[in-house]
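Shown next, in structure tokens, is the structure this report addresses.
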Amino acid sequence: MVMACRVVNKRRHMGLQQLSSFAETGRTFLGPLKSSKFIIDEECHESVLISSTVRLLESLDLTSAVGQLLNEAVQAQNNTYRTGISTLLFLVGAWSSAVEECLHLGVPISIIVSVMSEGLNFCSEEVVSLHVPVHNIFDCMDSTKTFSQLETFSVSLCPFLQVPSDTDLIEELHGLKDVASQTLTISNLSGRPLKSYELFKPQTKVEADNNTSRTLKNSLLADTCCRQSILIHSRHFNRTDNTEGVSKPDGFQEHVTATHKTYRCNDLVELAVGLSHGDHSSMKLVEEAVQLQYQNACVQQGNCTKPFMFDISRIFTCCLPGLPETSSCVCPGYITVVSVSNNPVIKELQNQPVRIVLIEGDLTENYRHLGFNKSANIKTVLDSMQLQEDSSEELWANHVLQVLIQFKVNLVLVQGNVSERLIEKCINSKRLVIGSVNGSVMQAFAEAAGAVQVAYITQVNEDCVGDGVCVTFWRSSPLDVVDRNSRIAILLKTEGINLVTAVLTNPVTAQMQIKEDRFWTCAYRLYYALKEEKVFLGGGAVEFLCLSCLHILAEQSLKKENHACSGWLHNTSSWLASSLAIYRPTVLKFLANGWQKYLSTLLYNTANYSSEFEASTYIQHHLQNATDSGSPSSYILNEYSKLNSRIFNSDISNKLEQIPRVYDVVTPKIEAWRRALDLVLLALQTDSEIITGHGHTQRNSQELTGFLFL
Amino acid sequence: MSRLEAKKPSLCKSEPLTTERVRTTLSVFKRIVTSCYGPSGRLKQLHNGFGGYVCTTSQSSALLSHLLVTHPILKILTTSIQNHVSSFSDCGLFTAILCCNLIENVQRLDLTPTTVIRLNKHLLSLCISYLKSETCGCRIPVDFGSTQILLCFVRSVLTSKPACMLTRKETEHVSALILRAFLLTIPENAEGHIILGKSLIVPLKGQRVIDSTVLPGILIEMSEVQLMRLLPIKKSTALKVALFCTTLSGDISDTGEGTVVVSYGVSLENAALDQLLNLGRQLISDHVDLVLCQKVIHPSLKQFLNMHRIIAIDRIGVTLMEPLTKMTGTQPIGSLGSISPNSYGSVKDVCTAKFGSKHFFHLIPNEATICSLLLCNRNDTAWDELKLTCQTALHVLQLTLKEPWALLGGGCTETHLAAYIRHKTHNDPESILKDDECTQTELQLIAEAFCSALESVVGSLEHDGGEILTDMKYGHLWSVQADSPCVANWPDLLSQCGCGLYNSQEELNWSFLRSTRRPFVPQTCLPHEAVGSASNLTLDCLTAKLSGLQVAVETANLILDLSYVIEDKN
């Protein structure tokens, strides 16, 4: 065995160059308008339609060491957060080239590493000012839902109402005034160009369908009830708001009052629309799923003692290609497809509570639990000459059926595979057996129907059997939903089951995967927003703040030599610590260039700008304003509130249309930045690639130049 | 028909060190290890070239376990470094670089191997006795009563591995966790000799480093579904535990060769299950609360135990067996026969916990000397590096508990030691040579080779083209930008020495490490107050460094002594 070693860091840095070129492939996926790509396999002439970074990287050849690390970083982000992947990939590219340029200028590697991580850390701390708290979402929902509940609420919380502080009243007045001013602004602002908000809101034109009016109505309703909840929780909010107000420079004070109510999100619909990033149809499904879960939780818990948590593990998707897009919907319970031959069984079982058994493994004769070793050398002999008419599988299937009959079980959910013979037998005796059921679905039925999962049918006893499951066709007319493989969609549910299935339909089979991916992206975005109880002001606001903060930091360190930051260098006693100040502004500017590129690509992708250059100039203009203002975060909030006062937009159809705010998730976003920078810095600090084993023997001699052997 | 082939004669090469091939191989190896050294060391990507796992590292243990070397001389070198690392964790790169330097430096001299080896041994014992003596000027006592020095230790280890990708805040967080994990392994009331417990590192990849934490007791990872099926235990007293190391899956034990014939209607599987259920009945009558099994428990037995309110957890895995035995005080049960009552152990309590996306079953001990360090990092390659680094840090703390001294790090010990040897060999050669046959000239030559080998180890701390200086008072290391303007400005250019103990505002004289200077007595016996005031020292583990020094010199001696390589060509 031999080993080869290659120096990757001579003059040009191969790792960084590879990273930039990988990242280049994904730049069109940045932002809400993603153009799909066809990936064609030249060998077998197969092609896939993709429109997300994860799917793109799945199809790319990432076998090089750096490619492998990139894949690892993307997978880690995807597995943990399911969002922020395009951001990660783009920033990997932008920062790789930024780092390369630093290298060209002769900045020592250790300094690039420490200043860049310091800069990003600074950004992550600065963007806290753009947090939008997400509170009381479900309090509001609750009160909009049934009015009687709201009444009981206010009665029980009366003690708080009796001692309202003055600010509360002002706040309420403000809120009322807002509504009044909205009507005024329509006429005033209808003629104005809406250019400036493009920066923060990349093209989210809500289709003027029924959805909009519903959204509007909902949010108005929510508004009235939110005011109620502001009073209830006033102390808490007052505290945070006041501190926020104090930290702002004086000139901004006047806006602070205006933004008080604005930068808080306590309406689920508003939050969902803000997080949809242009994909309203998927987000609508997600939002409905959350509503269903919430309603279910309320019914189950009675008076809602525990705060409601959106449980994403109890959301499922069922993809039905071939149906029109409009058939997509969300239903409580479990929707799955079964073979048409089950048709009569389902007809029989409809309209009656069904008893259920849950099987963990396969339901076949030969299945043994995991970890069981079968002995090969055991032979069974017959004592007498009596002939066995039935095969052993037949005997086994009969036995299973007997157990099912004994316990009056008509529905069996199996996690693994099911024996064909058994399915046949069960259909004949009007019993439904469904295989390949997800573990969480099993768990949901175990909880709701009171069943206990078992590994073998022999384990079944009265305690294991669940009751009260309802089996129906998903649609009233079953022929509607027969797909090409002659399968039909059925719905299983039981009283109080904490399970929601999103049925995703699309007439184009090739787009099914995209549709499903998008649904999950939206679901996870909403999940993290609700879990963290905060979101960012989105649409590029956060990135713009990072960009301007880094510029200000770079300017500052140019003016006065800032030694405080040498602590970022691990090795403080090295000469690098003292020469850090010389290089610091340069490296910070290059880091900021990454954001600049990000923003201009974002703007360019949303098709408002004919070239990236134009977009870049536009950002430059705002950057100048922001740095001149002294406080970029105030500048951004200010721009936002301008935008917000134009709450009605008499665009195109002249219909009243709410421009929803755009939001971003917090931790997944910051983590994506950090992962991107970590990957770039890891590649930067690598000076050689060591190939172990026989890997290099397959390489041709031309490739082998530059290798050293041990 | 078999064919006999004549055996090939063995290949014998003399003077293996002089061949070109060995020289290039050694220099490639040296380049790899030197470029990894220190906090700004460069990383290596190790992979198989087919798109498999990529290991990004600058640690000797990861590097050497992936390297496949063929040449016998390089093999001697890597094996002895690996042996050192496996018992001391720290100072692997130091050992490797020093050994390569020694071989290289000595080869330039025209001395017989016997002389070289003898003198190297003398110098080694000189170093060791100095580092162990009370007058040693580069070591400080470690006070376990305060966390300050201990944290310095951990931080020094963590910051020396850049591939962990930690920010300053994260380094502080992980340092504190490691220290806590270490302290949790020390028994509370120890009399006589102490038996340290164990810190188990539990992986949680993909999460933020800042989410890492330490918990007393053992975490067993389980799926959410499994965990939700567990019954809540309501019991105020300690829980009785049975731990099985045998499988309880109900398979028929190995029948050996041949075939077992059973008549129709007899089910061996059922017989095995009956035996298991009998075992279950005994567990119930013995009032066991918790059954843990290294391997698989038959679902029917599990169901049976659950019905009697016993928690049964299987597939624990072999790695947790030893800590579980220690923590619960059980005797692992290896047979399905009757269980002796003293096999059972106990735990204080159990609970469930969720970290990131993983679910755990948490066993809380009565007396905690076992703890779990839940370690997070953003990606696999950085996690692996961080795990190794944490293990090294924990090991360093353990070694220091045995020998409560720390060496000044950042290269200061090496430069100080080199200054001391130079001084000794110049002023007091007789005490080193004693009644040996070697001459003083030979001693001077070898001492110079030895000292410059030590000094070029610390030279490899510099990767960005800086220069290294040493002061003429303490013999510590200082780093300065290359081609810096003027010698007079040095106190302004330099901030502090490598270990962080001294700063440049003192009236010191500096000279380049590469230049020759007249021998001087480095100041011995550290003033106590100097140590107390410095809060951010870089420290090295004394035990590991001593062993590293020894291994490097002895391996170099062994390699220099080789005169033939005999290869069996068959």
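Note that Cβ sites are derived from N, Cα and C of the backbone, with glycine treated the same way.
Annotation source Swiss-Prot lists ATP binding site at B:GLY192, B:HIS193, B:ILE194, B:ILE195, B:LEU196, B:GLY197, B:LYS198, B:SER199, citing sequence analysis. Per Swiss-Prot, the feature region 'Substrate-binding apical domain' maps to B:198-370.
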Lowest local Cβ density (other Cβ within 10 Å) among binding-site residues: B:ILE195, B:LEU196: B:ILE195
B:HIS193 (ATP binding site) in three-state DSSP notation: coil
Which listed residue (B:GLY192, B:GLY197) has most other Cβ within 10 Å, given these are binding-site residues: B:GLY197
Largest tally of Cβ atoms lying within 10 Å of a Cβ, found at which of the binding-site residues B:HIS193, B:ILE194, B:LYS198, B:SER199: B:SER199
For B:SER199 (ATP binding site), the three-state class that DSSP assigns: strand
Local confidence of the region 'Substrate-binding apical domain' (B:198-370) - pLDDT mean: 89
